[in-house]
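Asks: Okay, here's the structure, questions in a sec.
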Amino acid sequence: MSGTHQQHADQCKSDFLIATLWRNKPLETIKAYIALTKPRVIELLLVATIPAMLQAERGEHNIILILLTVIGGWMGAAAANTFNMVADSDIDQRMGRTRARPLVKHTVSNRDASIFAWVLTVASFLWLWLLCNSLTAAVFVMITIAFYIFVYTKWLKRRTHMNIVWGGAAGCMPVAVGWAVIVDQFPEGQPQQWWQAIVLFLIIFFWTPPHTWALAMKYREDYKAAGVPMLPVVRTPVQVTRQIVWYSVATVLVTFLLIPAAGWIYAAAAVLAGVAFLWMAIRLHLGIKNGAEVKPLKLFILSNNYLAVLFLALSVDAVLGIQTIGEMMGWNTTFF
């Protein structure tokens, strides 16, 4: 049988299997489509978008607009994650952590997953543009999807150990999307405030490597088997944890840049949570260096909690409209 005929036969077999699943187990199929969107990964969307929007308009908040933005952003993130699963379906088969994914188990076909992703992409663009009145945010989401798939998934991920450093920029975009929606509500805009969005972007940018590498240390053999050159695969544990410490330091330092534009609640969280985050990163490095038994997953979990606490504090600060540190110090309040 020729290659073309074999592919056609495989596709027909897959379509028949999925049609049967849908007819006999519709709930399982729905769950499979939800799994394609990587719900846990999308949690970062909520953690980042909402605080950014609240900070962009301190003391005032439009709940409906925030909800609409989160929905539009969710569709964009879900589209990117689904495209990612389609592109990575070959390596997902070789990783124990990902062998239960829908495309590997053939619960959903690659073709149907791609159609699903395209529908979400178009819906996200139209939603943010028309319902959130922000063409800027809609364009940001399209750029993010393209970057995540073509730059990170298809190029960086399989070619360089710096994949998550540069590819992680896609995960920083929710803050830019949320900020753009608020700015676009004002005809004259607030260009002087964009520096805060850039700081929020950089916080997630520097936070992503230690967060991801901690997880990759645990699943090092999985990545190695799949041929993905994550840093823990191509470097020694000591070298990896040293990089984790440096990126953690950069993360905490960048969080301090936002203190003048925030109140004491955020300032306290940035310092206290930052110390805890740094201590855990340093402890992991010292443990590896001294040959002690360590659990990198603890840092992974703490890094999630760290970002959540930091952005929760920023949200509370913004909602309560607490006087900013910059205002307390008598600095230029127009800028801050």
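Placement of Cβ uses the backbone N, Cα and C atoms for every residue, glycine included.
Feature table excerpt (Swiss-Prot):
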TRANSMEM  63-83  transmembrane segment
TRANSMEM  125-145  transmembrane segment
TRANSMEM  163-183  transmembrane segment
TRANSMEM  197-217  transmembrane segment
TRANSMEM  244-261  transmembrane segment
TRANSMEM  265-287  transmembrane segment
TRANSMEM  306-326  transmembrane segment
Asks: Counting only residues 6+ away from its ends, which parts of the chain sit with a Cβ under 8 Å from the transmembrane segment (306-326)?
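Replies: Apart from its flanks, the transmembrane segment (306-326) reaches 44, 47-48, 50-51, 54-55, 57-61, 203-204, 207, 211, 255, 258-270, 273-274, 276-277, 332-333, 335-336.
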Asks: Thinking of Cβ pairs under 8 Å, which stretch from 63-83, 197-217, 265-287 has the most of them with the transmembrane segment (163-183)?
Replies: 197-217
